[in-house]
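Here's the structure, in C-alpha cells; my notes come after.
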Amino acid sequence: MRWYTRRRSRTVCLSLVVASLSLHLLLTVLSRSIYQNHCDTPSPRQTHLHTLRALEEGPPMGSGMSKLEALFSHPLYNMPTPPIHEDDWLLKVKPKGKARETSTQMWVSDSDIGDDSAHWNRSSDSHPPWLRFHLGISRWQLYPHLDPNMAPLAQQLSTHRIVSAVQKSGGTQLKLVMSFPNYGQAILKPMKQERDEETNFNLYYFSDFERHNAEIAAFHLDRVLGYRRIPPAVGRLVDVVTEIKDITTDHKLARTFFTSPVNNVCFYGQCSYYCSTEHAVCGRPQNLEASLAMMLPDTSLATRRSWRSPWKRSYSRSKLAVWEKDPDYCDTVKKTPPYNKGTRLVDLIDMTILDFLMGNMDRHHYETFDKFGNNTFLLHLDNGRAFGRHSTDEPSILTPLEQCCRIRRSTLLHLRLLSLPQYRLSDVMRDSLSHDPLFSVAPLLSELHLSALDRRLVTVLQTVSRCQERQRSRHGEGDDDVIYDDVTDYETLVKHVTPAG
C-alpha cells in the first residue's frame, strides 16, 4: 500500500511539471509574437496596402444617405487643401471707380439684353449664379467640392427665361448660344439620338453625332471622379418656337426653320456636319430636349490657350498617328515641354481616364487658362461625342496611360473607391444623373451605358496594376515611377478612417 501511494504521488508531480513546462512554452510563443507585432517595422509595401484599405473603407454609410452623398462625404473627397492665394483666382470683382470702392458696383454686358442694367455690390450673395461660378474659378479647379452655387446655377440653366438664341460660330455641328436676362450665357446642344441608340459602327469617330445627354453625363462623371474640370451642364426642354425661332437675331439660323410633314417645328442651322433638312433638329411638336452648359468667362476677360494633344488621332480614314505605331512614344513626350515637369502629364492622364470611361475618341485638343501658365488644370471641354457605344470599349483611348505608366495617387484612390460595392461607379452616376431636370422625361444614361462604366473602370485599374508589376520587375520594390504622389497629408487622412484601438 505504501509503495502504491509513493508511485501515485510521483505520477502527479510529473504531470504537474509537464503542465508547467507546456504553459511556460505557450506564454513564451505568445510573448514573442506580440513583441514582433509591435516592434517589427513593416515593409513600405505592407504600409501602403494597409493605408489603401483604410482609405477605401471610409466611414459607414449613414441612415438615409444616398450613394452620391455617401461618396462625397468620404474623406478622399474632403482632403484639406492649401489656401488659395489672390493670384490663384481667375477673376476678381473690380469697382467701377476708386472713389466708389465701397459703394454699389455695376457689371454691364456688352449687349443690351434684358430689362434693366444689373447692379451688384461686393457681396457675393448679390451676384447671379453664373457670376459666382466665374468668380469661383481658381488655378486648381472650376468650382469647389460641394459648391452651394451648383443648385441655383442648375436652376438658372433649366428654368430661367431665354432672351436670345444665336448660332455659335466654329465647330463642326449645330450649337447655339443662349442668353438670360441677368447676362448669363450657356451653350445649347440639341438632342440628336435616342438614349438607347448606339453610334453606327460604320461611322468614323470624326463623323459621329454630338449628343446632348453626353454633355450632361460628362459633367456628372467629371465631378464624381473628383476632377471638377467640366463646366456645369444641365438638361432642359426648350420650346423651339418661343425660345429660339421667335427671339433669334441670327438671320442665317432663322432661314432654316420649317414644319415637318407631321407638324413638328424643325431647324438645322449652318455647320460642317449634319446641318441639312435630312439631319434637322425637330421639336415634339415644339419641345426639344437639349443640354445647356455654362459658358466660361469671355476671352476678353480670361484668355485661354489651346493645346494639341500629343495623342491626337490622325482624323484620316487611312493614316495612323505616330503614337499608334511607336510603343515608346511616351518617352519622347516626357522630354517635351510642358510634359517634362510639373503635373501636365498626369493631368493629361486624368483626362485620358475620363475619356476612356465614357468612350470619347474625339479629344484632339484641350485648353488651359493663360493667366496660370503651365501650373494649372486642363479644361475638359466639348464632350458631345462621348457615350456613343456601350457594347464595346475602345482600348486605344487608354494608350497614354498604357505607354506612360503614370497616374496621380489621388486619382488611383478615387478609382479604387469607385470600384467597391458600396461606392460602385454605376450606382453613384445613376444617383447623380437622377437630379437632372431631364430625368423626369427619361434617364440620361441607359443601364447598358452605366454597366459599361463599371466594366471600363476595371480595365483602367488592371492597366495600372500591369504598370506597377512592370515597375517591380525592373526595379524591385516600390512604384515611385508609376504613382505621382499628390496626397501630401497621407497619415492625417488615414487617422480619419482607421478605427481606434
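One is the number of the first residue shown, and numbering goes on along the chain from there.
Each residue, glycine too, has its Cβ placed from N, Cα and C.
Here's what TrEMBL has on this protein:
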type     : residues                                                               : note
ACT_SITE : Asp362                                                                 : active site
BINDING  : Gln173, Lys189, Glu210, Ala293, Met294, Met295, Leu296, Glu367, Asp382 : ATP binding site
BINDING  : Glu210, Asp382                                                         : Mn(2+) binding site
DOMAIN   : 257-474                                                                : domain 'FAM20 C-terminal'
**Message:** In whole Å, how far does the CA atom of Asp382 (ATP binding site) lie from that of Asp362 (active site)?
**Reply:** 9
**Request:** Please find which two of Gln173, Lys189, Glu210, Ala293, Met294, Met295, Leu296, Glu367, Asp382 have the most distant C-alpha atoms, given that the record lists them as binding ATP, and give only that distance in angstrom, rounded to a whole number.
**Result:** 20
**Prompt:** Between the recorded positions Asp362, Asp382, whose Cβ has more other Cβ atoms within 10 Å than any of the rest?
**Reply:** Asp382
**Item:** Rounded mean pLDDT for the residues that make up the domain 'FAM20 C-terminal' (257-474)
**Value:** 96
**Message:** Between the Cα atoms of Met294 (ATP binding site) and Asp362 (active site), what distance do you get, rounded to the nearest Å?
**Reply:** 21
**Prompt:** From the Cα of Asp362 (active site) across to the Cα of Gln173 (ATP binding site), what is the distance in angstrom?
**Reply:** 13
**Spatial separation of the residue listed as 'active site' from Leu296 (ATP binding site) - C-alpha basis, Å** = 21
**Request:** Within 10 Å of each Cβ, count the other Cβ atoms, then let me know which of the binding-site residues Met294, Leu296 comes out lowest.
**Result:** Leu296
**Asked** What number of additional C-beta atoms lies within 10 angstroms of the C-beta atom of Glu210 (ATP binding site)?
**Response** 25
**Item:** Rounded distance in angstrom between the Cα atoms of Glu210 (ATP binding site) and the residue listed as 'active site'
**Value:** 10
**Complete:** Around the Cβ of Gln173 (ATP binding site), other Cβ atoms found within 10 Å total 19
